[in-house]
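Working notes for the structure below.
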Amino acid sequence: MMELKKWLQSQGENKRAFYIFAILSLVLCFFLIVNACYVIYGTRYNEYKVTQNATIDLVKPDGTIQKNINPRFSYPSGSRIRIHVPVSLHSDKKQYTLAFTAARVYYQVSWNGQILSYYDESRISRNHNFGAVICMAELPASTYGSTITIEEELLSSTSIPYIGDIFVIPTRKSYTYYLQREGFFFILYHALLTLSLSAFLVLLFLKKSLLVKKGLAISLFLTSFILWCLCYHHMTAFWIDSPYINSLLEYGSLYFLPAPFLYFLFLSEKEGKRRTLYHHLSLWFVLLFAAAFLLQAGGLYTLDDMLPLLHISIILSGILVCWYQLHPLGKEKTWQVVMRWGILLSSGAAALDTAQYYITSSHSIIHIYVMQALSTWALLVFVFSVILSYVFQILAQAEEAQEKKAALHLAYHDALTGLYNHAGIFHIAKSLDSRKSYALLFMDLNGLKEVNDRYGHEAGDFFLCHMAKILSSVTPSSAFCGRLGGDEFIILLPPHEADSLFPLIKTIRKKMQELKGLPHMPKDPSASFGWSIHDPSQPLSFDDHLNEADDRMYEEKEKYKLTHPAEAGRNFKREK
């Protein structure tokens with residue numbers, strides 16, 4: 001086991017990520033514990049439960065009855081039981097409902113031979129795999145003060161006669177009871193399901209970059225997880241009436257759940273051996289998912305029969321993932337810190353929840369619900385760590401892209417004027433289409449030496465920056481302005497703006513004349529211009545056009561020197 005210091009490196013972003021994850025996880029734990037307490041005390045849980053007064057009889061195959069069976073009795077597949085539920089003497093003015101949840105059973109609720117509710121082969125075939133079903137049977141006033149009988153046929157060795165407790169609740173509360181009981185989860189799961197499905201649909205139509213592929217994997221993982229949670233907490237029964245479909249959704253999402261998570265790790269990992277392992281594991285769970293449903297459809301095995309193989313696969317792959325996450329390679333990323341602590345916290349909580357069933361012999365209702373909150377917290381923390389790790393990867397990639405953008409801008413732009421520099425102009429020139437016409441304007445400022453000599457180089461820099469602003473303001477938005485160095489500027493006009501070359505020169509001359517008489521400006525602000533227009537019928541390169549424009553500028557500069565002796569000693573010929 002590595003030391004804590006190695007898990008939490010001195011990098012500031014890793015510490016911040018851990019603190020954010022820890023605080024949000026504690027807040028989530030607090031809400032789950034509060035919700036557990038609310039279920040017991042806020043919904044008058046103990047007042048309505050009648051489980052402690054119910055008795056169970058086992059109906060043997062020969063018809064004999066074994067009375068007062070222990071609720072913890074291990075029932076073999078095909079067993080038939082009768083649960084006798086006493087109903088208190090209530091006021092006739094209120095309607096009451098018997099409510100309970102059972103798993104993989106057929107049931108019939110009756111009173112004095114009168115069937116109040118049933119669930120049998122007319123609802124779902126015996127050959128179909130199905131999970132938990134919710135029973136809510138309205139009780140006639142004549143049943144008050146007597147005993148209700150629930151007769152159940154347990155369809156498998158994993159059947160559960162009732163999950164949690166049996167209740168006799170006022171009818172006006174019974175239909176909202178399960179929402180009250182699981183209200184926090186109901187809202188949370190449906191909100192997350194909506195968000196994950198929306199994210200998946202949006203990402204599905206984006207360009208499939210690495211980040212988008214990771215987002216698709218995360219949204220599929222979250223969708224599978226939330227769908228399984230909804231089915232596991234029997235919440236899909238509120239909008240899907242068929243227990244068989246509910247069962248397929250529950251088992252299908254559980255079988256598929258590990259695949260997108262492992263694929264996300266495959267996309268996030270850089271090391272070759274680990275990437276290969278994550279990829280193979282994700283493919284294995286996809287194949288297991290497909291094989292389980294094919295065997296179910298063929299009637300060879302049920303999804304329940306295949307669960308041991310799924311559990312073994314999850315345990316083995318979980319051990320490998322934990323080992324790799326606890327042994328990072330090289331400089332650790334922020335997302336790895338979050339993922340590691342998500343695995344540690346969720347694994348620890350899940351282990352504690354499992355161990356307490358073997359340590360304690362009896363469980364109070366507060367104990368049961370607190371441990372349920374702990375197990376739910378373990379699952380949510382794990383999912384939350386996966387989502388948060390993806391968020392940190394997005395932020396890291398955005399920061400990296402910003403740094404690359406800043407470096408590219410620095411490489412292609414002049415630090416003084418903000419225009420394109422020599423490298424930037426030639427980079428743009430590579431993208432020019434020689435099959436279309438374009439124009440090139442080359443100019444050299446007159447009077448920069450005068451400004452530097454009279455007012456200093458800071459004034460000269462100000463003159464250059466002012467000229468850059470003039471060029472940016474008078475050129476079309478689709479044109480490219482650059483400074484090649486010193487007092488040399490260049491403008492590239494795209495095909496649809498090539499005809500505006502000569503009007504642009506007149507505009508620049510006019511703007512420069514407006515500088516005359518201003519502080520720290522030349523006495524006669526002007527520039528020498530050279531130009532070249534690309535003709536698609538002439539096979540000339542960008543360098544050829546630049547030389548042509550330079551030659552024209554040189555000719556104009558020679559004329560300027562004749563009237564300005566201060567510039568006569570300068571060599572205006574650009575190096576070829």
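Every residue, even glycine, has its Cβ placed from backbone N, Cα and C.
The annotation domain 'GGDEF' is assigned in TrEMBL to 436-576. Summarising the annotation, TrEMBL assigns transmembrane segment to 20-41, 184-206, 218-240, 252-269, 281-303, 309-326, 338-359, 365-392.
Within the chain carrying the transmembrane segment (309-326), a Cβ under 8 angstroms from the stretch's Cβ atoms is held by residues 1-2, 7, 254-255, 258, 262, 265, 274, 277-278, 281, 284-285, 288, 292, 336, 339-340, 343, 347, all 6 or more beyond its ends.
Packing against the transmembrane segment (184-206) from elsewhere in the chain are residues 31-32, 35, 212, 215-216, 218-220, 222-223, 226-227, 229-230, 233, 235, 376: each is 6 or more residues past its ends and has a CB under 8 Å from a CB in it. Sequence-remote contacts of a segment are chain residues at least 6 beyond its ends whose Cβ falls under 8 Å from one of its Cβ atoms, and for the transmembrane segment (252-269) they are 210, 213-214, 216-218, 220-221, 223-225, 227-228, 231, 275, 278-279, 281-283, 285-286, 288-289, 292-293, 303, 306, 310, 313-314, 317, 321, 335, 386, 389-390, 393.
For the domain 'GGDEF' (436-576), the predicted model reports an average pLDDT of 84. The helix, strand and coil residue counts that DSSP assigns across the domain 'GGDEF' (436-576) are 70 helix, 28 strand, 43 coil.
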